[in-house]
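For reference, Swiss-Prot has these:
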{"type": "ACT_SITE", "residues": "Y148", "note": "active site"}
{"type": "ACT_SITE", "residues": "H156", "note": "active site"}
{"type": "ACT_SITE", "residues": "K190", "note": "active site"}
Amino acid sequence: MAPRWKWKGAEAKALAEPVSKTVSELRSSLTQTEALGFLSSCNVLLSVESEEAELLDRCCFGRLVVGAEKDKRWIQLSFEEAFFLFYKLKCIKICLHGRSLENEVDLWRSMSSFKQDFAILYKAYSHLRSKNWIVRSGLQYGVDFVVYRHHPSLVHSEYAVLVQSIGGNDRLKVWSDIHCSVRLTGSVAKSLLVLYVNRKVNTEKMNLPLCLEDYTVEEQTIRRWSPELSREDETRT
């Protein structure tokens with residue numbers, strides 16, 4: 001599926017401001033200001049300055065929470081977004097109940113205790129982010145994520161993403177589920193991308209971020225076959 005740019009000149013703007021460059025700027029800025037996030041049972045609230053808030057928006061990390069403070073901005077991050085910034089980019093700090101979580105193991109265990117499928121979803125999220133896709137929540141489409149080639153203000157999302165694992169949820173177990181998902185994503189001009197996240201059996205690492213090394217990600221795009229596309233031209237003899 002070709003990118004569907006939202007306005008004339010959007011493609012040129014995207015080429016002039018690649019996502020990887022903006023993420024690099026964000027990483028540098030957050031590291032210098034020692035941005036601090038506060039972990040709750042469902043998300044992370046990150047306290048930043050106006051400049052960092054703008055960079056986070058350009059990179060599509062989190063959502064702005066409206067507050068009364070003029071100088072401070074509060075950004076609500078999902079667990080996957082927060083751990084990516086903490087573990088992969090190493091540019092923010094996070095605390096829980098007033099105590100700073102000094103290493104990734106503490107944060108990993110805390111997030112895993114709050115969200116049962118955190119490991120699988122984070123592996124899928126980081127897999128896509130590492131390929132410079134913009135990753136957002138897919139809740140409104142009944143999927144885990146939606147992904148964009150660039151900022152959503154420039155281009156429409158191309159894929160609706162479902163994350164599957166062995167022994168995980170029961171989605172896409174029967175043909176009717178697959179048919180419904182494909183029809184739904186097709187109705188909003190997206191392709192259905194299924195990420196199969198599987199791991200080797202290694203119980204010693206399950207509570208550690210090191211277990212991410214044992215996961216593999218297989219990508220599979222599912223599309224609806226249209227008979228009209230393969231019919232012969234009726235005018236031919």
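Glycine residues also receive a Cβ, built from the backbone N, Cα and C atoms like all the rest.
Known features from Swiss-Prot, placed on the structure.
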{"residue": "Y148", "record": "active site", "Cβ within 10 Å": "20"}
{"residue": "H156", "record": "active site", "Cβ within 10 Å": "16"}
{"residue": "K190", "record": "active site", "Cβ within 10 Å": "22"}
Secondary structure at K190 (active site), reduced by DSSP to three states: coil
Cα-to-Cα gap, K190 (active site) vs Y148 (active site), nearest whole Å: 10
Inter-residue C-alpha distance, H156 (active site) and Y148 (active site) (nearest angstrom): 7
